[in-house]
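> What Swiss-Prot records for Thr14 is active site, and it gives sequence analysis as the kind of evidence. Annotated Na(+) binding site per Swiss-Prot: Ala168, Cys171, Thr174, in sequence order, evidence recorded as sequence analysis.
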Amino acid sequence: MHATSHEPAVWHGTTILTVRKGGRVVIGGDGQVSIGQTVIKSNARKVRKLGKGDVIGGFAGATADAFTLFERLESKLEQYPGQLTRAAVELAKDWRTDRYLRRLEAMMIVADKEVSLVLTGTGDVLEPEAGVMAIGSGGNYALAAARALIDTDKDAESIVRRSLDIAADICVYTNRNITIEALAAE
């Protein structure tokens with residue numbers, strides 16, 4: 001008799017990277033969505049503008065969960081206009097304490113002209129060191145590449161693109177269908 005697995009299929013994927021350099025902040029992400037060993041979609045858009053366009057964000061994890069969190073963050077940004085850190089902390093509090101939100105499986109990187117933040121389901125709100133942060137299955141590869149490139153003459157967008165290409169070379173859950181959003185930074 002063969003053993004069968006009744007475990008739910010595991011969604012894999014994505015690499016999201018942010019780089020803050022030279023008066024710009026850039027968030028980029030790949031477009032691959034996989035379930036198990038199968039690519040379901042190659043051109044998903046996991047990076048977008050939020051609020052009134054003064055915040056950009058990217059997500060890794062379950063798509064429906066991420067959109068729920070983006071909506072919640074936009075609501076917090078309406079409550080605390082121009083205060084991304086405060087809005088993110090308030091979202092993180094809700095995420096940790098709300099029974100429904102606690103079940104959501106996603107991570108987010110968000111940025112405005114002043115700050116870049118990573119938000120996790122455990123209530124962490126982290127600001128990256130040296131203006132570089134990555135999440136997702138290829139995040140460590142993209143992060144290493146971006147840190148290696150940050151002190152070169154490349155601009156923020158070039159660093160994000162090259163680093164995501166490197167991650168796609170290594171991580172089977174990351175592809176080269178890259179979406180970029182950028183803002184002027186202080």
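Cβ atoms are placed via backbone N, Cα and C, with glycine included.
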> Just jot down the residues in the same chain as Ala168 (Na(+) binding site), at least 6 apart in sequence, with C-beta under 8 A of its C-beta; none if empty.
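The list for Ala168 (Na(+) binding site) reads Thr15, Asp30, Gly138, Thr174, Asn175, Arg176, given in order along the sequence.
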> Round to the nearest Å and give the CA-to-CA distance linking Cys171 (Na(+) binding site) with Thr14 (active site).
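About 9 Å separates the two Cα atoms.
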> Which residues, in sequence order, are found in the same chain with Cβ within 8 Å of the centroid defined by the Cβ atoms of Ala168, Cys171, Thr174 at the Na(+) site, excluding those residues themselves?
Thr15, Asp30, Gln32, Ser137, Gly138, Tyr141, Ala142, Leu164, Ala167, Asp169, Ile170, Val172, Tyr173, Asn175
> Enter the number of other CB atoms within 10 angstroms of the CB of Thr174 (Na(+) binding site).
30
> Could you check what DSSP calls Ala168 (Na(+) binding site) once collapsed to helix, strand or coil?
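Reduced to three states, the DSSP call for Ala168 (Na(+) binding site) is helix.
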> Ten-angstrom check, please: count other Cβ atoms within 10 Å of the Cβ of Cys171 (Na(+) binding site), all chains counted.
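That number is 22.
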